[in-house]
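Take this structure first; my questions come after.
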């Protein structure tokens, strides 16, 4: 069983007298900076000159500095940046200031696991990864709670890397819920696998294939959208609250019977073998190598995939149907806009 740490395992006083630089002010960065500040920590935010987030962070009472200055001033540096941006920013602005005795922290292990960032000896390297989007990390903290998190140590130069990481997690509010000890490799590999096989790749492909099957069989696209896309949230919410058993308790007996009889026909031995190959590509670094090369080349395939899927009929039908349902708080992505 995993080691799980709570409030009594974490001493926030370990952060006293130390400045924490949160590099980035996006989804995770803003939550980290504000939660730590309200937990009594000395926090600065590191941003590039001209960042749209600069005035926003200052407006929330945070001290903002250029990235290099923030890294120089701080004793603890948290990289709360997109994976693809971290290596260059670390090389140019952060690495030169990672002197012995400092701590370099991550909210995701990609760049350490795949060797894109190699910290110097004498520096603690750890990770605190809240298991929720930044807005949720912030919201739950302000309500007096916390979201679970993962904690890991890659390099323990001081002998106190885990204790300091747990103190940081307490500053975020995560020890109120529980912090699970892991490794950079486990966090990174399972995170990528979950995204590819279930949360993004698997679900997206399943929804599109089911929608296409119904439409090709002559059913109306609008009805197919409701059955294959819209109602998915109803089921996922049940998973979220009580797992598979609660979902089956909540749906009709007919739906439950279909679950048992049809599900194994969708997830076949061949599908499981494919999952294992995907995991092997993640573990070997093949996926990371491909993704890093894609970014170096200007993302031609990535952009082509995005353009292709924006034009899928399920997106066109969904856009129209969501206008009928303002209560779902519809969102529309403008072509060319990026995500995280």
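From the backbone N, Cα and C atoms, a Cβ is placed for every residue, glycine too.
What you are looking at is a predicted structure, and each value in this text was computed from that prediction instead of being measured.
In case it helps, Swiss-Prot gives these features for our protein:
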{"type": "DOMAIN", "residues": "2-182", "note": "domain 'KARI N-terminal Rossmann'"}
{"type": "BINDING", "residues": "25, 26, 27, 28, 51, 53, 83, 84, 85, 86, 134", "note": "NADP(+) binding site"}
{"type": "ACT_SITE", "residues": "108", "note": "active site"}
{"type": "DOMAIN", "residues": "183-328", "note": "domain 'KARI C-terminal knotted'"}
{"type": "BINDING", "residues": "191, 227, 231", "note": "Mg(2+) 2 binding site"}
{"type": "BINDING", "residues": "191, 195", "note": "Mg(2+) 1 binding site"}
{"type": "BINDING", "residues": "252", "note": "substrate binding site"}
List only the single closest residue to residue 85 (NADP(+) binding site), chosen from the binding-site residues 191, 231, 252 by CA-CA distance.
191
Based on Cβ atoms within 10 Å, give me the single least packed residue among the recorded positions 25, 108, 191, 195.
195
Sort the recorded positions 108, 195, 227, 252 by C-alpha distance from residue 51 (NADP(+) binding site) and give me just the closest.
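Going through 108, 195, 227, 252 one by one, the Cα closest to that of residue 51 (NADP(+) binding site) is 108.
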Over the domain 'KARI C-terminal knotted' (183-328), what is the model's average pLDDT?
98
Which recorded positions from the set 108, 191, 227 come within 10 angstroms of residue 83 (NADP(+) binding site), judged by C-alpha positions?
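So far as Cα distances go, the recorded positions lying within 10 Å of residue 83 (NADP(+) binding site) are 108.
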Would you measure the largest Cα separation among 25, 26, 27, 28, 51, 53, 83, 84, 85, 86, 134 for the NADP(+) site and round it to whole Å?
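If we measure all Cα pairs in 25, 26, 27, 28, 51, 53, 83, 84, 85, 86, 134, the largest is 19 Å.
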Sequence order is fine: just name those recorded positions in 108, 134, 252 with a Cα within 10 angstroms of residue 191 (Mg(2+) 2 binding site).
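If one measures from the Cα of residue 191 (Mg(2+) 2 binding site), the recorded positions that come within 10 Å are 108.
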Could you check which of the recorded positions (108, 195, 227, 231, 252) sits closest to residue 134 (NADP(+) binding site), going Cα to Cα?
108
Just give me the nearest neighbour of residue 227 (Mg(2+) 2 binding site) among the recorded positions 25, 27, 108, 195, 252, Cα to Cα.
252
